[in-house]
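Here is what TrEMBL records for this protein:
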type: DOMAIN; residues: 1-49; note: domain 'SH3b'
type: DOMAIN; residues: 61-125; note: domain 'SH3b'
type: DOMAIN; residues: 141-206; note: domain 'SH3b'
type: DOMAIN; residues: 219-284; note: domain 'SH3b'
type: DOMAIN; residues: 302-370; note: domain 'SH3b'
type: DOMAIN; residues: 424-501; note: domain 'SH3b'
Amino acid sequence: GSASTSGAVIASLSKGTSVTVYSEANGWAKVSANGKEGYISLSFLSSQSPNSPATTAPAVTTTKYVNVSSGSLNMRNGSSASSSIIVGLAKGTKVQVYSESGGWAKVEVYGQTGYVNSEFLSAVPPGSSPSSGTTSPVQQITTKYVNVKAGSSLNVRNSASASSVILTKLPSETEVKVYAEANGWAKIQVNGMEGYVSSEFISASKSAPAPSNEDQQTTKTMFVNVSLGSTLSMYNSDSTNASILVKLARGAEVTVISEENGWAKIEAYGQTGYVSSEFLSDSKPAVGADNPADQTAPPPNPDEAVIKYIDVVYGSSLNMRSSASTSGAVITKLARGTVVTFHSEENGWAKVTANGQTGYVSSQYLSETAPFNPNTTSSTIEKVYESYNISLDDLIKKQMAVNPQTDKKYKTFISFDAVTLISPTSGQVNGTGWNVRGGAGTDYWVVGKVNNLDTLQIVSTVTGADGSSWYEINYNKAWVNASPVDVAYYLDPNNFLSNTVDSLQFLKLSAAADIDAAEINERILSGKGILQGLAAAFITAGNTYGINEIYLISHALLETGNGTSELAKGVQINGKTVYNMYGIGAYDNTAISSGAQFAYNAGWFTPEAAIIGGAQFIGNGYINAGQDTLFKMKWNPSSITKNDFVSHQYATDIAWAAKQVKQINNIYSLLGTYKLVLEIPQFK
């Protein structure tokens with residue numbers, strides 16, 4: 001509501017209702033009653049109850065100061081340790097106190113109202129003497145450790161009651177800060193979170209485990225045991241129709257919470273979900289012949305896309321629509337076997353991306369596995385291996401040194417010392433050289449940097465493992481430095497060999513696909529604008545310059561928007577029409593003019609000349625220089641082994657190679673005759 005008769009009515013108060021008055025102005029009073037705040041007319045307020053002669057003075061605010069021994073005091077949006085943090089208040093911060101109840105003070109600071117723990121407020125600034133009387137000293141904080149049975153955990157609750165909400169679970173020997181203990185409960189802080197635990201299960205030292213009771217949850221450690229090269233899907237509920245949260249590699253360690261009806265509820269990589277119990281074992285499965293004995297299961301790529309396949313009757317197609325309805329406009333038609341990136345599913349519709357377009361398709365025509373293609377009569381897949389004299393760990397270190405990039409969004413943090421608060425949710429950077437990191441501590445990788453006087457949006461306050469104070473911030477950059485875990489994921493070939501689509505980043509681009517021109521024109525290039533009917537030009541280009549024809553076609557389709565871009569259709573320059581099918585020389589800000597000028601200088605005056613001549617440029621730059629797979633174009637491992645430094649990489653995006661393969665696969669899936677040669681890297 002507002003101080004006006006036009007304000008919305010929040011509630012109606014009966015005669016005699018007691019209210020707390022915060023302020024009065026222009027005939028209106030700002031009040032609190034029955035847990036709500038709003039405005040009422042002063043003419044209907046009395047300083048005493050209608051039924052009693054006693055008088056009460058309107059509520060007044062008092063000034064107090066934050067008085068903590070270290071770190072900051074969390075101001076929350078409710079009088080509960082589970083309420084979200086609005087801002088962290090530094091020692092000495094002045095606040096206006098409206099009321100105190102149940103160990104919580106309702107305060108105002110920086111123009112925001114919230115709740116803080118009353119224990120950490122004092123009537124005078126820290127370090128000064130009170131003008132009269134004495135103030136209570138700040139409560140002593142002690143360090144203790146969780147002391148439960150191995151494999152169990154201790155529940156942290158939002159209040160001192162076994163029936164209250166569980167905020168998190170702590171394994172044995174976790175260090176906690178204890179603020180107070182009473183009636184068998186301890187008020188603690190851990191990992192930036194405040195809550196209550198049973199005092200029985202914390203001790204001053206890491207000693208023998210305490211006895212069991214209901215506030216310990218029995219869990220057990222198990223391992224994913226699927227066939228070599230396969231993965232185990234973790235779902236958000238106990239059904240194969242549920243959404244897949246992540247795919248777990250063979251040997252991955254998981255915490256099993258419960259098992260029922262063939263499903264296990266587990267925790268893995270910070271997520272909780274369900275897997276088939278059949279594929280869990282008490283011991284870690286033996287490693288395969290191609291795995292080193294000390295190899296651990298790779299963590300799942302947090303942004304790994306779930307892929308599915310279009311499974312319609314051969315010869316028909318599936319409509320991709322602009323909305324989840326048969327009345328949505330048809331964006332494109334997807335052939336049987338087309339690979340799609342699956343995003344979400346609701347009411348029989350799936351949101352997917354295919355060939356660079358995103359829309360909705362009927363869920364019933366999606367399959368987890370590639371459907372049989374009755375027209376594929378003569379396809380062969382050959383695998384060869386190339387060994388590099390460098391370990392995967394050393395390769396990761398070399399790549400991290402040149403700040404590989406990702407468009408993935410991370411949680412980002414910056415030191416308290418780097419920021420001066422402007423408001424509870426924003427601050428300004430003090431000075432230069434401050435790093436934004438991937439966690440609350442200097443041990444985490446640098447995601448990026450900020451400049452002096454930059455304004456940052458603050459999400460929350462966090463205490464690092466060493467007790468240091470950090471802000472979690474919104475770092476809105478399109479591209480940032482990738483985490484070591486994500487770099488390791490994309491560098492490890494084993495993460496991409498179990499799936500035919502993913503393995504195409506190892507497709508040897510210098511090996512011919514042996515395709516048929518008539519088949520390409522009919523199944524691939526039909527309806528593709530200027531590229532329609534030009535299969536022979538791509539085959540000539542591939543044979544002339546030693547480049548896989550399917551790669552050239554895929555590259556051209558992506559660059560020209562399926563043969564419809566201005567550069568592809570022809571641009572007039574110096575009285576001649578020029579063509580550019582691969583976007584060569586087309587710079588972002590002047591793509592048309594710079595791409596056309598490059599084509600003019602190269603003499604690409606027909607579509608065929610642009611296809612064949614552009615292939616020469618592509619071949620000379622990477623493929624004929626030895627970087628003849630997407631993996632090698634991206635990572636160039638031979639440069640590191642020969643020269644001991646990173647050089648000549650096609651892209652800085654760690655996922656670049658993985659992002660190219662779906663279009664290539666979708667072309668191959670439409671063909672009946674082709675040859676694949678995969679060159680798979682092996683590291684020490």
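Along the chain as shown, the residues are counted starting at 1.
Placement of Cβ uses the backbone N, Cα and C atoms for every residue, glycine included.
Take the domain 'SH3b' (61-125) and the stretches 141-206, 219-284, 302-370, 424-501: counting Cβ pairs under 8 Å, 424-501 has the most. With DSSP classes pooled into helix, strand and coil, the tally for the domain 'SH3b' (424-501) is 12 helix, 28 strand, 38 coil.
Confidence across the domain 'SH3b' (61-125), taken as the mean pLDDT and rounded to a whole number, stands at 81. In the domain 'SH3b' (302-370), helix, strand and coil residues by DSSP number 3 helix, 38 strand, 28 coil.
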